[in-house]
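Pulled from Swiss-Prot:
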CARBOHYD  ASN511  N-linked glycosylation site
CARBOHYD  ASN519  N-linked glycosylation site
TOPO_DOM  1-343  topological domain 'Cytoplasmic'
TOPO_DOM  367-379  topological domain 'Extracellular'
TOPO_DOM  394-398  topological domain 'Cytoplasmic'
TOPO_DOM  416-428  topological domain 'Extracellular'
TOPO_DOM  453-460  topological domain 'Cytoplasmic'
TOPO_DOM  565-577  topological domain 'Cytoplasmic'
TOPO_DOM  600-627  topological domain 'Extracellular'
TOPO_DOM  692-721  topological domain 'Extracellular'
TOPO_DOM  747-752  topological domain 'Cytoplasmic'
TOPO_DOM  771-774  topological domain 'Extracellular'
TOPO_DOM  798-802  topological domain 'Cytoplasmic'
TOPO_DOM  845-862  topological domain 'Cytoplasmic'
TRANSMEM  344-366  transmembrane segment
TRANSMEM  380-393  transmembrane segment
TRANSMEM  399-415  transmembrane segment
TRANSMEM  461-481  transmembrane segment
TRANSMEM  543-564  transmembrane segment
TRANSMEM  578-599  transmembrane segment
TRANSMEM  671-691  transmembrane segment
TRANSMEM  722-746  transmembrane segment
TRANSMEM  753-770  transmembrane segment
TRANSMEM  775-797  transmembrane segment
TRANSMEM  803-819  transmembrane segment
TRANSMEM  824-844  transmembrane segment
Amino acid sequence: MSQNEHCQDSGEYFSAGTQGYFKNNMEDNLEVREDSLGDEVFDTVNSSIVSGESIRFFVNVNLEVQPSKSDLEAATGGCVLLHTSRKYLKLKNFEEEVRAHRDLDGFLAQASIILNETATSLDDVLRTMLNRFALDPNHAEPDCDLDLLMAKLFTDAGAPMESKVHLLSDTIQGVTATVRGVQYEQSWLCIICTMKTLQKRHVCISRLVRPQNWGENSCEVRFVILVLAPPKMKSTKTAMEVARTFATMFSDITFRQKLLKTRTEEEFKEALVHQRQLLTMMMPRAAGHSMSSLHTHRHPQPPKCKDFFPFGKGIWMDIMRRFPVYPMDFTDGIIGKSKSVGKYVTTTLFLYFACLLPTIAFGSLNDENTNGAIDVQKTIAGQSIGGLLYALFSGQPLVILLTTAPLAIYTQVIRVICDDYNLDFNAFYAWTGLWNSFFLALYAFLNLSLLMNLFKRSTEEIIALFISITFVLDAVKGMVKIFGKYYYGHHYHTKRTSSLVSLLGIGRSPNSSLHTALNASLLASPVEMATTSSPGSTHSGQATAVLSLLIMLGTLWLGYTLYQFKKSPYLHPCVRETLSDCALPIAVLSFSLIGSYGFQEIEMSKFRYNPSESLFEVAQIHSLSFKAIGSAMGLGFLLSLLFFIEQNLVAALVNAPENRLVKGTAYHWDLLLLAIINTGLSLFGLPWIHAAYPHSPLHVRALALVEERVENGHIYETIVDVKETRLTALGASVLVGLSLLLLPFPLQWIPKPVLYGLFLYIALTSLDGNQLFSRVALLLKEQTSYPPTHYIRRVPQRKIHYFTGLQILQLLLLCAFGMSSLPYMKMVFPLIMIAMIPIRYNLLPRIIEAKYLDVMDAEHRP
């Protein structure tokens, strides 16, 4: 059985709900190895379990190699046999095991810490650590041969060539087993060695300057822990026990990130002591979690009637959970050792452009759909006010509010109804928004956000992919309009020709003098004359269309290239991270300058702007009849369903366990706050806003510290820590509000193709981690290129494709209603989203077995 297969079976064993560990006695083997070095070699990696969101264990691998003889090599072609075995070890309990504290105290008293090790090969790193023992008087071992000790750390793999291939003899490496599969913790490696000539135990920790690739499952090593000890020791003092102590500490990904930030040995020691205190407090609590509770957490039960009462319980619990940490939302990353001012600045700039440009685009669309009742100026004002209030008072400030395409569609439907029935648009719009806020407040007080537990991961990803498609569709529609007007349309050329005729005074009354016509022609600007001269005028429209397409694709290319730049090997890591965080602002500014200044002789399509006569005007809600108010209630109810689903869905994606947020959730309070904000926006005729996808998950990603690992050639990222702050959303909202001073210029210098490129960028970046999109891509790949995901290993391939096909059908159903040309069909779009719940629970299990559905759903719910 291969190593990966064995790990997979182990993960399935523990997911069944049994806790325990396997232990093999290695003492005899270690003695034999000392007596006959080279006759028999071992490579050991130990395993352990921890309760919580997943199962953590260490892998113990023993490789036994018989030296190949020359004649045997000739017969077998250099092939040798490797025997692999594993055993499980529990994490050290710092609350109960006194030895764990003594191991750490002994290390701190005679610490051997190497910071910023520049060596790149494992041999050089270990030799540096052994030399540290030799030079340190506290670790003097007069009878120890360093060359022999170095040889014992490695195992000859039996390679027939003169250059031997080395395998570590005895190591510990952390592994996390979840329902999604097995993940190696590749940033640290604990190496164990026993030797009779050693007098006492020794521990050395080396922190590498850069991650090193030392083979499979060790592709991003930053820490090396070396444990040396004599073989004859008390059972609680063996090399394995000491290694288990330090392996337990390094199994915490947050702790490893803290160690990376330390600058001196004293800070390194302080981090070790602090981690011991945390483990002492957390171990009893962690031990109380059972595997059954973990299983329930991953697959929450549907809420019962009693869960929705008492009235307002969820709101009160949210406030009590979030209020104690409210001051920290302003100080985290600003005060203390872990400062993140630079990341806050880049994230604020990213949010500013990510919010402002869609706001301008949808504001221009609202201006066209409402005949100027809601324009760009009002849309920017509403975005700024709503964003400020939500960033200040929300329970989860990482969620970003934004007006969206479905809301623009609802606004268009309201305008059509008002025109058909001769109603006051502002009053009817206000009543629809008030009813929407009333239902949202009712949902919040009744704790209906608990119903979101019914949404499986597959359903969430269908809706998320639908939103990404709408961004792509908006960009394509905009580009089609540009080509229709400038490339194919005759109206543009006729308009240009007529402007030339009027410019020269041809066709005027007989009283017009030639002198006036000549003056008009001479006073015309060079650009205007260039665009109206022949034959260039017949091609200027085509140039506009082609340039618009290039600018849109260029904005997408530059933005996404810089976004992925942090994964490249070029420049310093800090520079790569800064460029990645500022990818969107750089792309927008660059191609705005190219479109507006690089090609001044070519006309570019810009958004429509008409300044509002009264920015804040209260709607005359008393002017409508009771019948019209009742009609607005129906629209408000359907709109509230859209708000409810979008708000809770995006909040669930932000609060997902893999994001490692620690300050708690506030679904019910945030829903009530959303109702309050939209009440004010409705009364003043400003566009509605709700939680935006993918802006909110991208906001989390921008504030996250990420650790990478490589498995089978595929790079996976794990979020280590997220700065849960209000400052970035506050700063972006303030900048959006100040953008009102930039209207009409210089904001109108941003061509529409740049906005469309932004839409494509947002859609493309939102596909990262979307399992539905990944499974659709499998249809275009050969089977040997399939990634080693959990569903590939545990679900038959035919079932995977069946499930993907059924999800695509649901996605097409959403698109049929959400993108319909009939406005009234778009209004029932929220009902279609709700209809996916019975489809998932009642229809899909009849086609695909429930056990396979659960694996592919891989439910993660806070």
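In case you wondered, yes, glycine gets a Cβ from its N, Cα and C as well.
If you look at the transmembrane segment (753-770) against the transmembrane segment (344-366), you find at least three C-beta pairs under 8 angstroms, all six or more positions apart, and that counts as contact. Mean pLDDT across the topological domain 'Extracellular' (692-721) comes to 79 in this model. Comparing 380-393, 803-819, 824-844 for CB pairs under 8 angstroms to the transmembrane segment (671-691), the maximum falls on 380-393. Note on the transmembrane segment (578-599): residues 342-343, 346-347, 349-350, 352-354, 357, 547, 551, 554-556, 558-566, 571, 702, 749-751, 753-754, 757-758, 761 of its chain, located 6 or more positions outside it, place their CB under 8 angstroms from a CB of the stretch.
Only residues 6 or more beyond the boundaries of the transmembrane segment (803-819), in the same chain, are considered here, and those with a CB under 8 A from a CB of the stretch are 406, 458, 461-463, 465-466, 469-470, 473, 772, 775-776, 778-779, 825-826, 828-829, 832-833, 836, 839, 844, 847-848, 852-853, 856. Secondary structure of the topological domain 'Cytoplasmic' (394-398), assigned with DSSP and counted as helix (H, G, I), strand (E, B) and coil, comes to 0 helix, 0 strand, 5 coil.
Per-class residue totals from DSSP over the topological domain 'Cytoplasmic' (747-752), listed helix then strand then coil: 4 helix, 1 strand, 1 coil. Contact between the transmembrane segment (380-393) and the transmembrane segment (461-481) is absent: fewer than three CB pairs lie under 8 Å, with pairs separated by 6 or more positions in sequence. Contact between the transmembrane segment (461-481) and the transmembrane segment (722-746) is not supported: fewer than 3 Cβ pairs lie under 8 Å, counting only residues 6 or more apart in sequence. Helix first, then strand, then coil: DSSP counts for the topological domain 'Cytoplasmic' (798-802) stand at 5 helix, 0 strand, 0 coil. Outside the topological domain 'Extracellular' (416-428) by six or more residues, the chain places 370, 373, 617, 619-621, 623-624, 628, 631-632, 685, 823 with a CB less than 8 A from a CB of the stretch. Outside the topological domain 'Cytoplasmic' (394-398), and at least 6 residues removed from its termini, the chain residues within Cβ reach (under 8 Å) are 318-319, 321-322, 329, 651, 654-655, 661, 664-667, 669-670, 673, 696, 699-700, 703, 722, 724-726, 729. If you look at the topological domain 'Cytoplasmic' (798-802), the same-chain residues 6 or more away from its ends with a CB under 8 A from one of its CBs are 775, 778-779, 791-792, 847-849, 852, 856.
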